[in-house]
């Protein structure tokens, strides 16, 4: 093993060890890190308000105190309103006692179903056969069957009742002190973070190294923007969610509909389980208020339908797009932080994970966090397409092409997906890493895709139109002949080129792969205006030189274009090797060759309405 490989392994082991230690520290010292995490989160949200007060010529300390007191007062008032409303609901419950008793009686009423009748019949037969609570046949002398001594036999054990010790006052306070301590520390930490945010920022930059000042500044700005967008969008979604709840409950006639809608808005900030708490209270109250079960089921069904629609369709697209997290990453983050810090960790899961993804995007050593948790594609589109071809999965490979076509025109799809995949297959074939069956499948599937896409391009609704600006000669369309240099893959590339060149001012044809003399014969017969030599790396330069030399020897004025698609090296050097002249040129992308052909034909792309608006 070389030194580079050993260093890479040691680096990964160090990162793994550091990650395990960090998780252990976060778990053990959560009494410290929980309020610190809340403080950072609140600082993100409250810092703009502090800055606005500072612009009114208030000191930093006074502005921070005013913002924190206002925020605490808002929370206290909201809590008091909720508490008084809950007390009012509790006071109203006795008025629904009759309805509750009626429903309880219905629940305990014997059923007339066949199963219930059979169960009662079995119990009756058991009583008749003496299988019920039988008394001893020979009671002890002097004792009647009605008066049995306790503990006299195994049939009559002594009843023992364990009385639990009343909890001490300190034990009762333990469950209250921990959240109070967390809340108090959160307020204190938030105040000092708001007070010294520039100093904290400078210390972070100093710890990471001043050479990283650009990336750290971008990371902080990115994290702040993503978290702010996340909470803004979550507030918007939850407000709409709560408004729908208020409307449905008010329409059904349930008391305190506004309270339950507001409660739903707040509790949905707790991912995945908050809606259950929001649905529990109105559902239980509806059972007490309404006669029958229909309206109670409507209340519960409203929460279920809203949660399914919001959680599975609205939030994954909105949150994933604006936070940079994939839907699976949000779910994993929720599970991880809940296991680490409990329900409070569930509330903080998305903001904390957003910070990790942002850090990974700006620090190469932690890039795996962005790859695993981010919403960006983990591999390039052409790699995914080639991998599905290697797996002989033509259906999914076709879906990848369909997805690419929705975002790009045909020439860019060929440049970005199909041609790189074919180049990679040729490299693997030449290196002996590809079986012959896989080579045949890749070529066959690629040809089918190219033919299908070409048919759609020329006969479907997405045909590009061109506006002539300068006629070629007498106005007739120019002829372009695309010549494959070597084998079937070059033939596929030539077919792609002919498809993208074809238009009202261009007649393009692709020759099959053949001998050089057959190519020369076809060119002599067709007399094209332009000949395009089409090849894929890593081979083809030598044969391109022979074809080019023969064509130039027969017609010195023939316009010859050389296309070595996706060529990784210097195109100018390749052009010199093929043409033997300094002024030669090699095109490496179909889109660039298409622009050259349009220029030769004297046409330009028709400007779309969007481009017209942007130009204006």
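From the backbone N, Cα and C atoms, a Cβ is placed for every residue, glycine too.
Keep in mind that TrEMBL annotations are predicted by a computer and have not been checked by a curator.
Because the structure is a prediction, the values reported are computed rather than measured.
Per TrEMBL, the features are:
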- 129-154: region 'Disordered' (REGION)
- 9-27: transmembrane segment (TRANSMEM)
- 33-51: transmembrane segment (TRANSMEM)
- 63-83: transmembrane segment (TRANSMEM)
- 176-195: transmembrane segment (TRANSMEM)
- 230-252: transmembrane segment (TRANSMEM)
- 272-290: transmembrane segment (TRANSMEM)
- 297-314: transmembrane segment (TRANSMEM)
- 326-359: transmembrane segment (TRANSMEM)
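Count of Cβ pairs under 8 Å against the transmembrane segment (63-83): among 9-27, 176-195, 326-359, the largest is for 176-195. A contact between the transmembrane segment (176-195) and the transmembrane segment (272-290) is absent, since fewer than 3 of their C-beta pairs, 6 or more residues apart, lie under 8 Å. Remote same-chain residues near the transmembrane segment (297-314) are listed as 237, 241, 244-245, 248-249, 252, 254, 264, 272, 275, 278-279, 282-283, 286 (criterion: CB distance under 8 Å, separation of at least six residues from the stretch ends). With respect to Cβ pairs under 8 Å, the transmembrane segment (326-359) is most closely packed against 33-51, considering the stretches 9-27, 33-51, 272-290.
If you look at the transmembrane segment (9-27), the same-chain residues 6 or more away from its ends with a CB under 8 A from one of its CBs are 33, 340-341, 365-366.
Only residues 6 or more beyond the boundaries of the transmembrane segment (272-290), in the same chain, are considered here, and those with a CB under 8 A from a CB of the stretch are 89, 93, 96, 99-100, 103, 245, 249, 252-256, 260, 263-264, 296, 299-300, 303-304, 306-307, 311, 334, 343, 346.
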